[in-house]
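According to TrEMBL:
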BINDING   CYS34, HIS38, MET83  heme c binding site
DOMAIN    19-105  domain 'Cytochrome c'
SIGNAL    1-22  signal peptide
Amino acid sequence: MKTSSWLGGLTVLLGLAAPALAQADQALAQKNACMACHATDKKLVGPAFQDVARKYAAQADAQAYLAKSIKAGGSGKWGPVPMPAQPALSDADTQTLAAWILKDSK
């Protein structure tokens, strides 16, 4: 019984941690001004993160590709307005943002 109680408690804690991590990742996007041009569910200046997630969902290297796009910027993928490069973001932060866009903004 103790093992099942322990596992049940762990499951509850993990269930509570996932939304908190998603909120932390969204806070990272807000802190770095991503939300000035993007929203999770609608196009602003740039595409909705949900649209980005759908476009790259089947791409095996989607997270690495998006992280590179975040860091280097780009143009022509989503219309005429270029996305500015974000060279000040750490590689870890670009990976975190890319993973959040692909998973938690759906």
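Cβ coordinates are placed from backbone N, Cα and C, and glycine is handled just like the others.
Not measured: the values here are computed from a predicted model.
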Excluding CYS34, HIS38, MET83 themselves, the heme c site's Cβ centre has within 8 Å the residues ALA29, MET35, ALA36, CYS37, VAL45, GLY46, ILE70
Filtered by Cβ under 8 Å and at least 6 apart in sequence, the residues in the chain of HIS38 (heme c binding site) near it are ALA29, LEU44, VAL45, GLY46, PRO47, ALA48, PHE49
Cβ-Cβ distance under 8 Å, sequence separation of 6 or more, same chain as MET83 (heme c binding site); the residues meeting this, in order, are CYS37, GLY46, SER69, GLY73, GLY74, SER75
Expressed in angstrom and rounded to a whole number, the heme c site built from CYS34, HIS38, MET83 spans a maximum Cα-Cα distance of 10
When pLDDT is averaged across the domain 'Cytochrome c' (19-105), the result is 92
